[in-house]
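K.L.:
Below are the structure tokens for one structure; questions will follow.
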Amino acid sequence: MRLFGGKNNKFKVDPPKIRIEKVVVDRPAQKPKPKPNPALSGSASRSSSSHHPSPKPLARQASHSPYPSSCDEKRLERKRKAPSVSRKSPASDRIEFDKDSDGEDDGWMTLDTKRQRKGTEDSGFVDPNRKLRSVRAFEERMDSRKFIHAVDVASLEHKCVPVMGAQKDEVAIRLQYPSLQPREKYELVWGKDKIDAVEASIKVVRHVAETYLTEEEAEPFTNPNGGIIRRLEKASNRNIQDLMGFKAALREYNEKLRALVDDGVIAKNLDKMHELPQHLVAFILDQIYDRTVALKVELLSKYENGTDYVYGELLHPFISKVLVEQTRMTSGQVFVDLGSGVGNVVLQAALEIGCESWGCEMMENACNLAEEQKKEFDARCMLWGVRPGKVHLERGDFRKNAPIHEALKRADVVLVNNKAFTSQLNDDLVRMFLDLKSGCKVVSLKSFVAEKSNNHNINDVGSTILEVEECIYPEGYVSWTNAGGSYFISTRK
């Protein structure tokens, strides 16, 4: 293409003047964990916010399963072991390139539920045009075979063992979600690298009470003295192990929630909401990952260093920081992920922002897993009663993909995890950015603008069409290292 080189190059510019603004992202210090106090373990504190119909989240409890559990710290640690190493827990099965301590993303799950995607305190930003409720989820029931039940991946058939002293014919339970959809099947069992049914069911109950109900409606669930959550935690305590008590509390939860759904309470509350708490977004995405990618994560190890086929993930907190706080995306906008892997970021943008979300990937195994995730994503959103943005997943080379090129013309935010891209591919991307509309943001791990003038004409084009800002991400934001690093937000001039 003579446009970018040779005598006919029409881009004649002065040496690029690059504005670099370093933005330090402060990571909230973790609060020290209080010493266990059985009398207070179920207590709840209420938020003073008034825009949501939901109470402030309860303090998180550790799993009381008598066996080692896939605790939050391991579930949220995205610096995953390579497939050749034994896996920690379902949601922990991410590709890892070094060994670091657990729990680096723990603060991600302890964010205040009532905080407007963190923007309430920082910027007051809310997207009033987002319609969060899925009408279909409250009008029709999907076939229970449309989604992957927990029992399909963690059961007696999968060599798991019963917990709480249950006999084999006592392990089956079902869990109601905040919609008309079928209840999910679980078994009260434990197995290495398997879904912990005790922990998972308590978390679902807690998320429903915190997000979908007003304080008054949530009282039967959150009351520290005999509320359903308190009873579930007490019954599953390793020193008590009350199987019948646990199942009775879960049955009561199912009945009360279904009554609230049938009475239109859940739908009414969702209609007043315009966003989901970040920790619920992460929980739903992890449910999807656990039932799809985690089962076949070894397929992602087939990459080659020094090529454009290296696999790595940007984690939930990173994406929330960029899409919610920095670029302030809204549900009416368009997001494009170039090199979308298994689709994690595409799905997060659609769920957390509600925007039209595009992704393109050329690695076959990653594409196949992305399709599996999308199918489960659609079903899980129905279970939770929420309507995400439209998701489009494309296969192949994004440089040659016509739908992606059309989407780029409308894009408001483009993400390129180009940390391991070859220089040729990065150069080709700059050419593609000529079609971006003015004001479009390009988020990347490497800058597309050279720091110093050189003879590489493509960098002259980058400085001509992009204004770049350098930012710093803290530790625990990417899958391939625990260390922090730089990323760039470029704006199309």
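Keep in mind that glycine also has a Cβ here, set from the backbone N, Cα and C atoms.
The shown structure was predicted, so the numbers you read here are calculated from the model rather than taken from an experiment.
Annotation comment: Swiss-Prot describes 1-127 as region 'Disordered'. Under the heading compositional bias 'Basic and acidic residues', Swiss-Prot lists 11-29, 90-100, 112-121. What Swiss-Prot records for 38-52 is compositional bias 'Low complexity'. Among the features that Swiss-Prot reports, domain 'DOT1' is placed at 182-493, with the record citing sequence analysis. Annotation source Swiss-Prot lists S-adenosyl-L-methionine binding site at 311-314, 335-344, Glu361, 397-398, citing sequence analysis.
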K.L.:
Test of understanding: give the count of other CB atoms lying within 10 angstroms of the CB of Ser340 (S-adenosyl-L-methionine binding site).
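P.N.:
Other Cβ atoms within 10 Å of Ser340 (S-adenosyl-L-methionine binding site): 25.
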K.L.:
Going by DSSP, give the three-state secondary structure for Asp337 (S-adenosyl-L-methionine binding site).
P.N.:
strand
K.L.:
Near the Cβ of Asp337 (S-adenosyl-L-methionine binding site), how many other Cβ atoms are there if near means within 10 Å?
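P.N.:
Asp337 (S-adenosyl-L-methionine binding site) is surrounded by 29 other Cβ atoms within 10 Å.
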K.L.:
Among all protein chains shown, how many Cβ atoms are found within 10 Å of the Cβ of Tyr311 (S-adenosyl-L-methionine binding site), not counting that one?
P.N.:
23
K.L.:
What mean pLDDT score does the domain 'DOT1' (182-493) have in the model?
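P.N.:
Taking every residue in the domain 'DOT1' (182-493) and averaging pLDDT yields 94.
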K.L.:
So how many other Cβ atoms are close to Asp397 (S-adenosyl-L-methionine binding site), meaning within 10 Å of its Cβ?
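P.N.:
Around Asp397 (S-adenosyl-L-methionine binding site), other Cβ atoms within 10 Å: 14.
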K.L.:
Going by DSSP, is Leu314 (S-adenosyl-L-methionine binding site) sitting in a helix, a strand, or coil?
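P.N.:
SS state of Leu314 (S-adenosyl-L-methionine binding site) = strand.
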K.L.:
Through the lens of DSSP with three states only, how would you label Gly343 (S-adenosyl-L-methionine binding site)?
P.N.:
coil
K.L.:
Please list residues from the chain of Gly343 (S-adenosyl-L-methionine binding site) whose Cβ is under 8 angstroms from its Cβ, counting only those at least six apart in sequence.
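P.N.:
In sequence order, the residues whose Cβ lies under 8 Å from that of Gly343 (S-adenosyl-L-methionine binding site) (at least 6 apart) are Gly359, Glu361, Leu369, Ala370, Gln373, Lys374, Val391, Leu393.
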